[in-house]
Ligand SMILES: [Zn+2]
């Protein structure tokens, strides 16, 4: 019998594939793991089958089947650093976890990509982190990607990218709440005693980070009035450290346009109360063509990040709703998300 002690960020799939076994094998060897998407918590000892080889790196195919949290972002961060690009920390989450940003390119034009706003939308973090890694790799090797020369692209543009705005929330969706979780009491209360967090999109204090931007007052009237798994806009606009970090970063870098990644729906929202500049329409058409996603002018809501950006700067902002299904999308959705969004994100660099 081989014992493995669960680490922060582990999931059943990650542990299984790293040991070259199937998630179902872990369920069969461990009565306390009831199903393949059950939580495993840091410090918990689990049994691996005798034949399981020791911890090894995931193959590309196995990686497609695995979840993506802060631990995985940290691994990508090291890979990107080895290629010569360092991350900066633009702020910290409620639980003190870093919010990472990367800058690549030297162009005058600036764009800002962000993801992982909502806890159960971790696919967007995985997508942006892997997209960034590939961009950096292809700059190093001077390879083309879908016909684009990344070296040339990054002479004309500066890409600023924050793949994971909400690391605490994403960890909660992936690992659940455990005995020594510092916010256990509050989380269980907000979640009405339920122990599953599939539907949780807020940060760890139950504030929706894409529901608390200036313009908040109107939206707040029709939303939950106290911490809630989704749609509570907080006690006032920009009350949460994660939102403040993005606000300050965007004010500092002054992007020409922004793409905020969410899931799901395979659509792109491109307007806000008709305040967007006329070129937004042409830009969204290009993004749709590159991805096969559909353009929708506006969601008729306020208090989102891209809404605030359009209103504050009168520049273009887009919300990309990747994937289709019910959040959290299954890990397998990543294939579609990757296929359609690589070409979208590349097109986004040349708008
Ligand atoms: Zn979202």
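We number each residue from 1, going along the chain as drawn.
Yeah, the Cβs are placed from backbone N, Cα and C, and that goes for glycine too.
Look at TrEMBL and you will find 321 tagged as active site, proton donor/acceptor. Taken from TrEMBL, the feature domain 'LysM' covers 2-48. TrEMBL lists 56-351 with the feature domain 'Peptidase M14'.
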Collapsed DSSP category at the residue listed as 'active site, proton donor/acceptor': strand
Nonlocal neighbours by CB distance (under 8 Å) for residue 321 (active site, proton donor/acceptor), same chain, sequence gap 6 or more: 262, 263, 264, 265, 266, 267, 268, 269, 293
